[in-house]
Every structure is written in structure tokens, then in C-alpha cells.
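Following: one structure in C-alpha cells, then a few remarks.
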Amino acid sequence: MALTRLLIKDFRNIEAADLALVPGFNFLVGANGSGKTSVLEAIYTLGHGRAFRSIQAGRVIRHDQPEFVLHGRIDGTETERSVGLSKNRQGDSKVRIDGSDGHKVAELAQLLPIQLITPEGFTLLNGGPKFRRAFLDWGCFHNEPGFFAAWSNMKRLLRQRNAALRQVSHYGQLRAWDQELVPLAERISEWRAQYSAAIANDIATTCTQFLPEFSLSFSFQRGWDKESEYAELLERQFERDRMLGYTALGPHKADFRIRASGVAVEDMLSRGQLKLLMCALRLAQGEFLTRQNGLRCLYLIDDFASELDSTRRRLLAERLKATHAQVFVSAVSAEQIEDMVGEKGKMFRVEQGKITVQSQD
């Protein structure tokens, strides 16, 4: 699977661009602020319905324009698909797939699985549990057909339950919500646990290649006491939840922890080592998807050289090459990506939102 063509209109500082892409490495080289990250963000937005640097649509639409428009052509193993997304300043989205309107953003995500590696990506390791839940949920979304519907319903029921907690006086008034919430919560927790167990070997293998000096362990925490039934816990915790005004325990509090020799990795590893670990997690997840479903991820790597010395850059370059996936890499200079440049690569020069093809000679 590869994105063979990308059209960008009024996205960030890019007025218009029509890019012919290659299945291997696509390099975006330019000074800071030139727009190279905007290209990566456009691809990410086409696959997720939102940008990774801002959740507000108005901030990614070019100045004085009413909307942004993105189109892509995806070359799969047997078919070619066309996808499109537009979003106005009010946040209203239109999704088009193969020429027809009325599709959902989740359908884009299914067609265009993306792994993102940015300088801010350390939050996967040292940020709050929501970032690691998102990591697990990405995997469940692509491996369990019913996950997205169950996850969406669970989020809706939790919002309704939290609103009701501020109004009710006894648990019986919440029972109807919990009768729907509990089976969804248990199913989602089971899917997450199964996925974290299934991918653990992939993560361990990749981490051994990247960080052989550490003995890493992984553990999934479902968000409530593993000895307790969730239905009983919700009833038992009612008074506490009512005082708090929200549901304190459940799958929305799940986490996936990584330790090095028993110590949280964020407390032991250097920033360069944390970046390698983050890359290892993303690569392992992408390779697991390929093995399970035959789909290859797109890898988006912003500011490739950040936090990595030349030895670590070469290591990451070799591992990315081994995936045979499509990779998009941004860098300030061509020298920073010389270990990746090869006959299957294509280089783009980005200057003030203008994108041109640059010879690699």
C-alpha cells in the first residue's frame, strides 16, 4: 500500500501542491518554517481527519481561506483507491472515497494506516496514559472489526454517565447506563489486553535491536482492579464518583507501561534512547499489522535527526528500509538523511510553502 499522489489546497502555508510520490522513501528538505512538516501533517490529516499539531480546524486552514482540501490516490495490492477530505473553519468535514461523498473519517483511517514519529512523540512514553491508550486503540482498531463502534458507544455512555452523576441522588438512577456500559467496557478491555499480549514479542524483538543494553518489560493495566467485576465496582464506587462528578475507574483509565530493569523508562533512558524506543514501538506496531492483515503502514517522520546521533540515524534508516513500507521524512538538510537516500527515494525541496522535486545527484 502506498500513497502515490497527494493534492493539497489551502493547508497551513501551502496554497496548492500536486505531488507524485514513490512507494519507498519520500524526503522533504527545507529550513524550519518552510512547510515540510505541513506536508506530513496533510498526509496525517487525510488519514485521521485531524491534524497532529492542532485539533482546531481554523488553525490549519490557510489565512483568509474558508476551508482546506486534501486528495490522495492509494495504490493497494490489487486496487487503486481515491480519497478526499475537506474541512471548513467551523470544523465541518466532508469525506469522499472513490468519487462518492457521505463517508466517515474512520473509513479513511482504515484505508490509510499511519505511524507518526515527531519530536513531540515522547508523550507516548512520558506523557499521560491517554497517549498509550491511543497506541493500543490504534492496534485494536485495525485488528478488531467491531472495536471502533464499541469504543464510540463506550465514550458516549461515559459522557452521559458523568453528566448524570451530577444530578442523581442514588445508584439506582444510574443502573440503566451501567447495564449498557459494563459489557462494552469489558469487551474493550479484553481486546486491549489481547492486543498488548500479542504485540509484546514484536516490541521486545525490535527493542532488542534498538536498545540491546536494556531489559524491557511491558504490562497492560485495564483501568480497574483486576480482581473486581466492573459492574460491582461501579456500584460500590457510586458515592465517590458522585462527589467527583465523573467515573473514576474503567477502560478510560487504562494504561500500557514499559519498564527497564523494573524502572519506568522515562526515568532511566536518555532522550536519544527514548526516541529510539518510541521508534521501536511504532515500527513493531506497523510490522504486526502487516503480518496480521497484510497491510503496510505509512511512516511519517518529522525532523529525522532530532535527538539522534549518526549511528542511531543509520540504525533507524536500516530498520525502516527493512519494512518495505512507504516512508515520509522531513529534515533541515540532505546531509541528515544521507543514510536513507537511495534509488527508491524521491526528494522534495520545500521553501515558503512551495514544493519542488530535487535531484539526489
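Quick reminder: no glycine exception, Cβ is built from N, Cα and C everywhere.
The structure displayed is predicted, hence computed values, not measured ones.
Copied over from Swiss-Prot, here are the features:
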BINDING   Gly30, Ala31, Asn32, Gly33, Ser34, Gly35, Lys36, Thr37  ATP binding site
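Around Lys36 (ATP binding site), taking its Cβ as the centre, 27 other Cβ atoms fall within 10 Å, counting all chains.
Listed binding-site residues: Asn32, Ser34, Thr37. The one with the lowest count of other Cβ atoms within 10 Å of its Cβ is Asn32. Highlighted in sequence order, Ser38, Ser330, Val332, Val350, Glu351 have their Cβ within 8 Å of the centre of the Cβ atoms of Gly30, Ala31, Asn32, Gly33, Ser34, Gly35, Lys36, Thr37, the residues recorded for ATP, and are not part of that set. Cβ neighbours within 10 Å of Gly35 (ATP binding site), excluding its own Cβ and spanning all shown chains: 24. Counting other CB atoms no more than 10 Å from each candidate's CB, the binding-site residues Gly30, Gly33 peak at Gly30.
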